[in-house]
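For 33-53, 77-98, 113-133, 178-198, 226-246, 288-308, 320-340, 347-367, the entry in Swiss-Prot reads transmembrane segment. Look at Swiss-Prot and you will find His83, His182 tagged as heme b b562 binding site, backed by similarity to another entry. Annotated heme b b566 binding site per Swiss-Prot: His97, His196, in sequence order, evidence recorded as similarity to another entry. Marked as ubiquinone binding site by Swiss-Prot: His201.
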Amino acid sequence: MTNIRKTHPLLKIINSSFVDLPAPSSLSSWWNFGSLLGVCLGVQILTGLFLAMHYTSDTATAFNSVTHICRDVNYGWLLRYLHANGASMFFICLYLHVGRGLYYGSYTYSETWNIGILLLFAVMATAFMGYVLPWGQMSFWGATVITNLLSAIPYIGTDLVQWIWGGFSVDKATLTRFFAFHFLFPFIVTALVMVHLLFLHETGSNNPTGIPSDPDMIPFHPYYTIKDILGFLVMLTALATLVLFSPDLLGDPDNYIPANPLMTPPHIKPEWYFLFAYAILRSIPNKLGGVLALVMSILILAIVPILHMSKQRSMMFRPLSQCLFWLLVAVLFTLTWIGGQPVEHPYIIIGQMASVLYFLIILFLMPMISLVENYLLKW
């Protein structure tokens, strides 16, 4: 008799995606982050759902409702900090996942890559709106500053900002709609994840060598299910450690002060995972130029496949490209640090140099060094 998992209309989809899926035999731990992102999304949706049961999206009560969750709801503090730090784990896994794609040339699967970029934007939008909901000082001023950037769009900018705000400033209407969208977006992300996987399974996984692995495939289960479960345990242990020992390590103390439109915090900055983009935004003195640079800092990923000049797919056997890749990582760490610093000397010039270097590496140095490597290998 044929196994039910191979015949049942629903089970056979799951079977072909997670059980009998042929996978390259050489996948390293860098291929764990896709499944880790799935776990992060699950944790965020579950904790978010329970938080939404107790949260009120009204300017008068939002801050107090979060305090109520932490103090009076059974394990409310755990839900709140799992959700807040779960977002940080989400972005750590996201950036490592994207970095893996850049290093091993996974971007040559253009459909999967482009859906991934769309997912990155969707998750960033969700996280930004979620940060506004506790209605602390940094929530309010972060929302004001970031939404205000849209006013840089010529002609329609001011009207667009007021339309998003639902008035002439960030107020009750803004908070209510941000809550509605923050609740909705994770489900859109889940749908996009399914499309992402659909396109991935059309081509099959890449592998560290970048060489087609068709002659050497192994079933996903049990080999990679076990490997993924180990990844889950490591990540959930890290998350539990963060939540139970220093839950406010990655947050901003200003967000424990209720939102006050009459008092600006000394340094307005977003959560740590947006600081690199924020540093690029601030490094350009022109408002519209800064906004364009901010968008391009992520959107530049979409043209990476076009800029691939190497005859080899992966960087595994390309030491010169590896040096540039790790320089890019160092630049991103520098930008993250600068984004959290005040706008004064010497941080301004460091931020500007790092921003220029970021675009220079991706747009010019990477393709040029690839051509040099091709020449050295007589290709």
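Glycine too: its Cβ is placed from the backbone N, Cα and C atoms.
Small disclaimer: the values here were computed from a predicted structure and weren't measured.
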**Complete:** Between the transmembrane segment (178-198) and the stretches 33-53, 226-246, 288-308, 320-340, 347-367, the largest tally of CB pairs under 8 Å belongs to 33-53
**Residue numbers, six or more beyond the limits of the transmembrane segment (226-246), whose CB comes under 8 Å of its CB atoms** = 27, 29, 32-33, 35-36, 39-40, 43, 78, 81-82, 85-86, 88-89, 93
**Fill in**
Least surrounded, by Cβ count within 10 Å, of the binding-site residues His83, His97, His182, His196, His201 is His201
**Request:** May I ask which of the binding-site residues His83, His182, His201 is closest to His97 (heme b b566 binding site) if we compare their C-alpha atoms?
**Result:** His201
**Asked** Using Cα coordinates, what distance in whole Å links the residue listed as 'ubiquinone binding site' and His83 (heme b b562 binding site)?
**Response** 30
**Message:** Counting only residues 6 or more past its boundaries, what in the same chain has a CB within less than 8 Å of a CB in the transmembrane segment (77-98)?
**Reply:** 30, 33-34, 36-37, 40-41, 43-44, 47-48, 50-51, 66, 69-71, 116, 120, 123, 127, 130, 235, 238-239, 242-243, 247, 250-251, 271-273, 301
**Item:** Inter-residue C-alpha distance, His196 (heme b b566 binding site) and His182 (heme b b562 binding site) (nearest angstrom)
**Value:** 21
**Request:** Go through the chain and flag residues at least 6 beyond the ends of the transmembrane segment (320-340) whose CB is under 8 A from any CB in it; none is fine as an answer.
**Result:** 99, 102-103, 269-270, 272, 274-280, 282-283, 310, 347, 350-351, 354-355, 357-358, 361-362, 365-366, 369-370, 372-373
**Request:** Take the transmembrane segment (113-133) and find every residue of the same chain, 6 or more past its ends, with a Cβ under 8 Å from one of its Cβ atoms.
**Result:** 48, 55, 57, 62, 66, 87, 90-91, 94, 98, 101, 106-107, 139-140, 142-143, 146, 174-175, 178-179, 181-182, 185-186, 188-189, 192-193, 195-196, 199, 270-271, 273-274, 298-299, 301-302, 304-305
**Prompt:** Where does His201 (ubiquinone binding site) sit in DSSP terms: helix, strand, or coil?
**Reply:** helix
